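Undergrad: Mind having a look at this structure? Questions to follow.
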Amino acid sequence: MPKRLQLLCIYLGGFLGPFLGQSLVAILPDVAASFDITVQAAAFGITAFLLPFSITMLFSSRLVHGRRLDRIVLLAYVVMATGAIVLAVSDSWPTFVIVYAAMGIANAFTLPLLQTILKSVTPPDELATAISTYAAMQSLGLLSAPLVSGVLADVTNWQYVYFLVAAVLLVILIIRLPQAHPRGGAPAEAGQTPFVALAVYCLCCFAIGFGVIGVGTLVALRANTQMGLSATGAGLVVACGGTAAFLFVRFVGRFADHHGVKRCSSTR
């Protein structure tokens with residue numbers, strides 16, 4: 001396959017993870033009605049995806065050290081495509097939650113590995129731009145999922161969003177990803193990790209995630225239940241929150257390419 005198409009598949013993968021995780025945010029009342037549960041129980045579906053995803057992310061890269069990363073990601077996508085079809089047709093809330101959680105675990109083997117693959121096929125002087133493009137696709141997934149789910153909830157059936165997810169995954173499985181051969185050497189020992197710097201980065205990412213995902217969920221729920229907006233309207237409100245990131249993140253990447261990551265971070 002042409003390298004450009006395979007590179008596009010990396011970016012599509014960056015889009016899919018956040019899209020999948022945010023697919024319920026704007027439609028919790030519709031989810032509750034479909035499965036005859038409370039809105040609070042429906043909100044647990046988001047936790048069911050994100051909690052196993054975040055825990056598995058702690059060790060997923062180490063588990064696959066020394067293996068072909070592109071093959072690991074494609075295997076995870078087979079699991080996710082199968083799960084997406086189950087979610088699209090499921091009429092059982094326990095089944096939905098279990099499969100959704102399994103997809104979160106599978107997604108934990110794609111996010112860090114896709115970034116590693118992207119780094120391995122990108123020239124060093126273009127790396128910040130490539131990573132920022134990847135981040136832009138993640139932002140697009142975050143901002144578009146509530147809107148797409150909301151429109152489908154109003155027009156037909158919100159569960160059909162998972163047919164769309166399965167279709168995109170099928171495209172990636174057909175085109176495949178650039179080959180990424182395992183790096184030599186053993187994984188870094190725990191004693192070599194700069195724990196203070198790592199803790200700072202983790203706290204920063206936690207704060208960003210809380211703002212993007214946590215506040216977005218609350219805003220969508222308020223728009224739905226207290227402002228009387230439809231699922232489409234609530235999805236549009238949440239989508240507006242991520243539009244700025246999608247539009248400007250590539251400019252941040254280009255700035256980092258030309259002036260350095262540290263200067264870019266201090267400017268922000």
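Every residue, even glycine, has its Cβ placed from backbone N, Cα and C.
When I checked TrEMBL for this same protein, it listed these features:
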| type | residues | note |
| --- | --- | --- |
| DOMAIN | 6-268 | domain 'Major facilitator superfamily (MFS) profile' |
| TRANSMEM | 37-60 | transmembrane segment |
| TRANSMEM | 72-90 | transmembrane segment |
| TRANSMEM | 96-115 | transmembrane segment |
| TRANSMEM | 127-148 | transmembrane segment |
| TRANSMEM | 160-177 | transmembrane segment |
| TRANSMEM | 198-221 | transmembrane segment |
| TRANSMEM | 233-253 | transmembrane segment |
Undergrad: Do any residues of this chain, six or more beyond the ends of the transmembrane segment (37-60), have a C-beta under 8 angstroms from a C-beta of it, and if so which?
TA: 20-21, 24-25, 28-29, 31, 93, 96-97, 100-105, 107-109, 111-113, 213, 217, 221, 225
Undergrad: Taking all residues of the domain 'Major facilitator superfamily (MFS) profile' (6-268) together, what is their mean pLDDT?
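TA: The predicted confidence over the domain 'Major facilitator superfamily (MFS) profile' (6-268), as a mean pLDDT, is 84.
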